[in-house]
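What TrEMBL records for Glu336 is active site, proton acceptor. According to TrEMBL, the Zn(2+) binding site annotation covers His335, His339, Glu358. Per TrEMBL, domain 'Aminopeptidase N-like N-terminal' is recorded for 56-226. Look at TrEMBL and you will find Tyr417 tagged as site 'Transition state stabilizer'.
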Amino acid sequence: MIAALLRKNRMNKSNYNSDSFLSTLFFSVLLFSTNAISVSTENFKLSNDIVPLSQIVELKLNPELDGYSGTTTIEINITKATQNIKLYSKNLLISSAIIKNKNNKNKTTLLTVGSTSQYDIISLPTKNTLPKGIYQLSLSFDGKYSDTGNGLFKVTEKNNNYLFTQFQAMLARSVFPSFDQPNFKIPFQLKVNVPKGYLVVSNTPQIQLISHNDWHTFVFEPTAPIYTDVLAFSVGKFDSVDIPEMKIPSKLYVVKGKLPQTTYAIKHIGKIFKEVESFFTIEYPYKKLDMVAVPNYSNAAMEHVGLIYFKEDFILLDDTPSIRQQKYSLKLIAHEIAHMWFGNLVTMQWWNDLWLNESFAEWLAHKVVIQIFPELSAELDLPQIRSLSDDNVNNQLPVRRTVKSKADVDSLGGLVYGKGNAILNMVEHYVGEDIFRQAVISYVLEYRNKNASLQDFVKHIEITSKKDLEGFFSSFLEQAGFPLLSLQRNNDKLLISQSPFKTNNQVLTQRIEQKNHNKNKKPQDMSWQVPLMIKFLTDDNIITRSVFLNKESIELTIPKGVKAIFPDANAVGYYRYILPDEDEKFIKNNITRLNDAEKLAWLNNNEHLTKIAKRAYADVLSVKLALLSDLSLNKKIATDIIRDIDYSYTDFIPEAISEEYSRYITRHLSVIFKTVKWNSSKKETIADKALKASLLALAGGRLADKGAIKFAKANYQDVLSEQSSLDSSMSNAVLKVVAANSNEDVYQLFELAYLRTTNSNLKSDILTSMGYFTSLDIVTRYYNFLVSGKVPTDEIGYRFQYPSFNPALRHHVIDYIAVNKDKILKHINQKQWFPYNFYTSCEEDIRIKVNQTFSTWIKDIPGLKEKLNTVDETIKQCIRSRTKNISQLQEQLLK
Ligand SMILES: [Zn+2]
């Protein structure tokens, strides 16, 4: 769950409108003049003494080979006389470099190729000083295709070779020499030579096709000014389909043979596009918008200007996708389209503001899905729930922090999406939806075709809302963690005070960004500026009041007759709170007074408080079980509760009491299990199906329910052979339940079915459920299979977690990893995330073994140390929480 989602959720970037090549050049010059004030002494950045204005890249690509060659011409403005041209180049062989003054083209200066810095900056020194002026820099180079899904990478599907690009982050430099920084937004023109028979698509429309012998040259229109990350091209013998209801040319490209799987996507893309565009006052800023379904893609998606990439599984859905798959896919499409404005039209100044790209895209995508697909109840997917849980680990870093290298960008992780989205929800709720939209629109208008930073957005929101919000943004984005609000009553007074939420008393030295004004700040000084919307509940009324907590504590007067104070109206708060006991009790007994989102947020708050012993796990569990007996309960909430109980076996309940715990749960859910009909009926909604699937997984996977296991065993062969009529959520649960209750013979069938099917979603489900078999021998066999070369690189790393969800298998899992380190490292991508396979562990001996094992990996893998620390801290937190809660839970189980 955590690690897989963490990685699967990582999405990437994308684009805008070209008036003309000339005007875009003009923009770049303007851009330079504003950049000149920024600091130029940082050795991880290029200086502003040499500014790119436009770039032509010509490549000769034969997908049958392992490498390629290319030339590039970059128009640059030298603003300060220099003897050394610097730009980025990584793993490229540069064979020549010359520079000409634009006004004196006869005078050519040959450059030597000097050293490359640790930040991939290559030096091209000259003998004579180059005076100020506009120049053309031309380079010839050779490179290799990658097989890791990065840079320019090759994928082979059914004996056909394809080439795709992935430049985010800091990877364009590994494909051609470039000024590979987000603040250099310039027009690019691509000319791609490929053997006849191959098609090339890129960000802009093709303007020419030149034929010579066995080769074709695809010439594309120059792009609008864009940054390198969102430049892209794909080469292959693609199938394609027009996307209907689009106002601009738009096609979906797939690898040969996959057209039948495009039905779901093309039915919805047009609607989503229209809804996203209608939010802005600026029309879609580019000439076309194509999409590509990329097999075995290492990202979920990437917002290249005019050419969005999606991981195949996320855009090519089956005929009966689950509610989860639908929401994920639709939101991903909306997120990438939203990037055309957030990220592409307005681009972060530097990587430290990646959240500006990601959080806004995520925020708008969520809105759009809620708006046009009400049947999916996406309003109950609260972004803060997941982020608060990740953000409370003690060594977590701020969302906005120094970024120097690719490893720094890669380490930014899910909070850049989720926490940023939650922060935007909170401020939107505080200033009002219309005012917030006005601010966003005026910000996009001012910075279109340019770059922006946090301060630029704050300026707009402060002007439109007439509120001082700098402290709000800075306290939530430049500090890690979040506040714990304590509410105390004293007669008719309410005292609200804040302190950092922390699960132990350890000094939290890493939590504060290394900004100057924070340098001497100690963790105990941490405070936040928090907008709160409070609901005062009386017996028959609700009074709401908006409050801005900008100091340690504030005092309010409580209206007459108030029975309970609920400090998270509409469930947008990025904080935790402790209520007076009487208030908490009133809410518990009158839970229907809260709306559905508030119910979820309140439950989650209570669950979180168990980690610091401010609530008992046993109490929270009994509230959840009581809620489940209410038949009018929203299906999505019921599904979440069932899933939480299922997950508790992984990361909370000790093996020693798990049987007792199962009996207790079975007792409380017996009515539901007796009445549920596992076979589907026509009347079921998609939400009913999701609930039933979560029940099946819990009953058959954890509670040894005979009916559930029997149903799963009767159906799994149909699922494996694609004959089943069950929807994807049920098929998925069926496979997991069978795996948890079967032996080697059945495992063999799973493996064969995995190799046989070409359906990428089914493949993914089978591979995951193979991790749910419970015998040690099968776990070994599963891991050997993962690293056998039969599974694509990007599908391997996080799948090591599934056996380790089972506490009884954890020792075996860590032993396997320790012995097979070299074999594993050879086969996985994003190696720094590997320790996350133990994120859900909760035992001291496992924690020690995990540290021992991975400490030998640290020196080889940048960024792994930090990930290991997070995992270590998360396990410690779970152990502490378990210790605090276990005796009370045991008492409860006996009742
Ligand atoms: Zn994104």
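Quick reminder: no glycine exception, Cβ is built from N, Cα and C everywhere.
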Legend entry - Cβ-Cβ neighbours of Glu358 (Zn(2+) binding site) (radius 10 Å): 28
Inset, instruction - Determine, to the nearest whole angstrom, how far the Cα atom of His339 (Zn(2+) binding site) is from the Cα atom of Tyr417 (site 'Transition state stabilizer'). - result: 13
Legend entry - Inter-residue C-alpha distance, His335 (Zn(2+) binding site) and Tyr417 (site 'Transition state stabilizer') (nearest angstrom): 11
Legend entry - Nearest-integer angstrom distance between the alpha carbons (Cα) of Tyr417 (site 'Transition state stabilizer') and the residue listed as 'active site, proton acceptor': 13
Legend entry - Mapped DSSP class for His339 (Zn(2+) binding site), helix or strand or coil: coil
Inset, instruction - Taking a cut-off of under 6 Å between Cβ and any atom of ligand 1, tell me which of the recorded positions Glu336, Glu358, Tyr417 pass. - result: Glu358
Inset, instruction - Could you round the CA separation between Glu358 (Zn(2+) binding site) and Glu336 (active site, proton acceptor) to a whole angstrom and send it over? - result: 10
Inset, instruction - Find, for the listed recorded positions His335, Glu336, His339, Tyr417, the residue with the lowest Cβ contact count at a 10 Å cut-off, counting only other Cβ atoms. - result: Tyr417
